[in-house]
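**Student:** Starting off with a structure, shown below.
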Amino acid sequence: MKVHEKVSELIGNTPIIHLKKFGINVFAKCEFLNPSHSIKDRAAFEMIKDALDSKKINQDTTIVEATSGNTGISLAMICADLGLKFIAVMPESMSLERRKMITLFGARLELTPANLGMKGAVDKANEILLNTPNSFMVSQFENISNKNAHRKNTALEILRDLDNELDIFVAGFGTGGTISGVGEILKEKLEKVHIVGVEPLNSPLLSKGEAGSHKIQGIGANFIPAILNKEVIDEVITVSNEDAINTAKELAKSGLMVGISSGANVFAASMLAKKFPDKRILTMLNDTAERYLSTDLFA
């Protein structure tokens, strides 16, 4: 009998599905099947585990993080699983379903004015850190454990499940953890692999140096994260809000209930499939559509 004692033991080893409708050689890794239904479970667990192992935190530490969504939900789940206190700070403009998920896990939620954006949330998180004894900021955009979660696990799962046969890897980037961690290992193991980054058409920061507002939550953070390894990215494809949302809706018609950034990833992969029909392409299905009930995905 194989049973698990901790929710964190359920993270990873997500299956890969063949998306024939979007290209004969297009495949996707189903990260929405992680326990809190997003790829961020991987990084959240690794960041907390490494902090515990290195004695940066203990069972009495209060974890603090400024977050706009999935990372906050994943951290709330991990902290609940491990018996840690967690305070999430997010702009009040974030969706109601995100707020409710975080508090459902027992975390404390602090909202900041919408007009201050993520900077306002970061400033408030730093204030809480200063005023809370034995507290720790996760700092997902700078925390190398974020990237290492994908080096140690995600990338190796991909190589194992595809028998080391992959030509193109496609991923959006928010913190940069997934594309950097997976990309670094794939580059080490597969001589000719091509790594493609996906960013919003309305915020082509890496490809054109321009930042703007967009509707593809989870990618396009409007700044270059410290852990993003630009050296592993061979090409960047921009995807419009409409194409990302419409592709997510098409995925739903195939039975895959995924979010907007997953739509962006699959749209980019389908474009590459038309250009390179004989190449094996893998992308990521990052999270579940249920996280977007109040967005244009359900309009």
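Cβ atoms are placed via backbone N, Cα and C, with glycine included.
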**Student:** May I ask you to find which of SER254, SER261, SER262 Swiss-Prot records for the pyridoxal 5'-phosphate site already listed with ASN70, GLY174, THR175, GLY176, GLY177, THR178?
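**Tutor:** Between SER254, SER261, SER262, Swiss-Prot records just one in the pyridoxal 5'-phosphate site with ASN70, GLY174, THR175, GLY176, GLY177, THR178, namely SER261.
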**Student:** Are there any residues in the same chain, six or more apart in sequence, whose C-beta is under 8 angstroms from the C-beta of ASN70 (pyridoxal 5'-phosphate binding site), and if so which?
**Tutor:** SER36, SER38, ILE39, LYS40, GLY218, ASN286, ASP287, ARG291
**Student:** May I ask which residues of the same chain, at least 6 positions away in sequence, place their Cβ under 8 angstroms from the Cβ of GLY176 (pyridoxal 5'-phosphate binding site)?
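**Tutor:** Spatial neighbours, sequence-distant, of GLY176 (pyridoxal 5'-phosphate binding site): PHE141, LYS147, PRO225, ILE227, LEU228, ASN229.
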**Student:** So the record assigns ASN70, GLY174, THR175, GLY176, GLY177, THR178, SER261 to pyridoxal 5'-phosphate. If I measure every Cα pair among those residues, what is the longest distance in angstrom, as a whole number?
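**Tutor:** Across ASN70, GLY174, THR175, GLY176, GLY177, THR178, SER261, the two farthest Cα atoms sit 15 Å apart.
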**Student:** Around THR178 (pyridoxal 5'-phosphate binding site), which residues of its chain at least 6 apart sit with Cβ under 8 Å of its Cβ?
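**Tutor:** Correct list: ILE39, HIS150, THR154, ALA171, MET284.
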**Student:** Which residues, in sequence order, are found in the same chain with Cβ within 8 Å of the centroid defined by the Cβ atoms of ASN70, GLY174, THR175, GLY176, GLY177, THR178, SER261 at the pyridoxal 5'-phosphate site, excluding those residues themselves?
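**Tutor:** What remains near the Cβ centre is ILE39, LYS40, ALA43, ASN146, GLY172, PHE173, ILE179, GLY218, ILE219, ASN286.
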**Student:** Cβ distance under 8 Å to GLY174 (pyridoxal 5'-phosphate binding site), same chain, sequence separation 6 or more: which residues?
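**Tutor:** Set apart from GLY174 (pyridoxal 5'-phosphate binding site) by at least 6 residues yet with Cβ under 8 Å, we have GLY218, ILE219, GLY220, ALA221, PRO225.
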